Amino acid sequence: MNATYRHITVLLEEAVSALAPREDGCYLDGTFGRGGHSRALLEKLGAGGRLLGFDKDPQAIQTGKALAAEDGRFVIVQRSFAELGDEVRARGLEGRVDGVLLDLGVSSPQLDDPERGFSFLNDGPLDMRMNPGQGISAAEFIANATEEEIARVFKEYGEERFAKRMARAIVQRRQERPFERTADLAEVITVANPAWEKGKNPATRAFQGLRIHVNNELGDLERGLDAALESLAVGGRLVVISFHSLEDRIVKLFMRKHAKGEADNLPRDLPIRSKVFEPRLKLLGKPQYASEEELKANPRSRSAVMRVAEKLR
């Protein structure tokens with residue numbers, strides 16, 4: 001595919017501002033994408049600043065390499081942000097990072113390129129992998145999973161209330177021929193959905209669940225949050241933008257847990273006074289959402305929510 005798919009970075013100014021960038025600071029962009037946040041952050045850094053970008057997507061890596069060639073302060077790594085702890089340790093940066101940004105979910109170029117297989121609106125190969133060279137594709141999962149496994153993925157990760165009906169329809173149809181195209185799967189799911197939601201494609205939730213499963217998105221998020229906390233220096237900022245309730249719930253619980261501290265889980269009269277049990281994060285402000293102006297310019301920002309925390313110890 002030679003087509004260029006435009007990506008509008010969500011909460012661009014808000015996210016960069018939340019990082020409170022210092023000119024000589026060291027920062028991590030865990031989800032480089034097409035580099036919107038990274039470019040804006042580099043504008044805030046001085047000659048001594050450093051920015052390390054992560055992405056699994058080969059197309060994002062191409063964009064990142066071009067940026068690295070332009071700007072020696074930037075380095076791109078083809079890894080999931082779930083593995084940022086390993087990369088940070090290898091570079092001797094653990095506990096020295098001033099800010100970590102995670103902009104979760106799928107980028108517009110991934111959604112809009114039919115060949116990537118993420119979209120039910122544009123027909124393409126049923127793939128859905130962020131890195132097409134790793135793991136099993138959506139087509140392979142649909143071909144080999146049991147009816148119960150398919151239903152669980154739709155229910156748990158897509159929050160689809162008709163998951164069982166959809167899974168049953170998929171298993172019945174695949175006995176005739178395998179699913180290889182997104183439009184084919186979307187059609188079967190749509191027919192199996194008895195109650196369409198106004199303004200929402202009937203296949204939306206099922207496709208979300210399938211994508212999250214194929215890419216282990218929630219597992220990666222949990223690992224990435226833990227790694228980000230260990231990577232940060234005291235006073236460093238963690239900024240996370242999520243796009244659906246499952247992601248946001250994980251981020252919210254993680255930040256709240258570390259803002260309360262382990263002592264909150266111990267009996268009140270227990271004679272223990274140790275820094276080990278003190279809070280590790282401080283929540284900064286309330287969750288932020290896209291402005292009316294941004295919503296008009298980029299409707300995909302409507303579900304975005306940004307949470308910010310600062311490392312205390």
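Glycine too: its Cβ is placed from the backbone N, Cα and C atoms.
Per Swiss-Prot, S-adenosyl-L-methionine is bound by G35, G36, H37, D55, D103, Q110; the candidate from F81, F120 named for the same site is F81. In this structure, the binding-site residues G35, G36 were compared by how many other Cβ atoms lie within 10 Å of their Cβ, and the smallest count belongs to G36. Counting only same-chain residues at least 6 apart in sequence, those with a Cβ under 8 Å from the Cβ of D103 (S-adenosyl-L-methionine binding site) are T9, V10, A15, D29, G30, T31, G33, H37, I241. Neighbour density for Q110 (S-adenosyl-L-methionine binding site): within 10 A of its CB lie 22 other CB atoms from the protein chains shown. Look at D103 (S-adenosyl-L-methionine binding site): DSSP puts it in a strand.
D55 (S-adenosyl-L-methionine binding site) falls within neither a helix nor a strand when secondary structure is assigned with DSSP, and so counts as coil.
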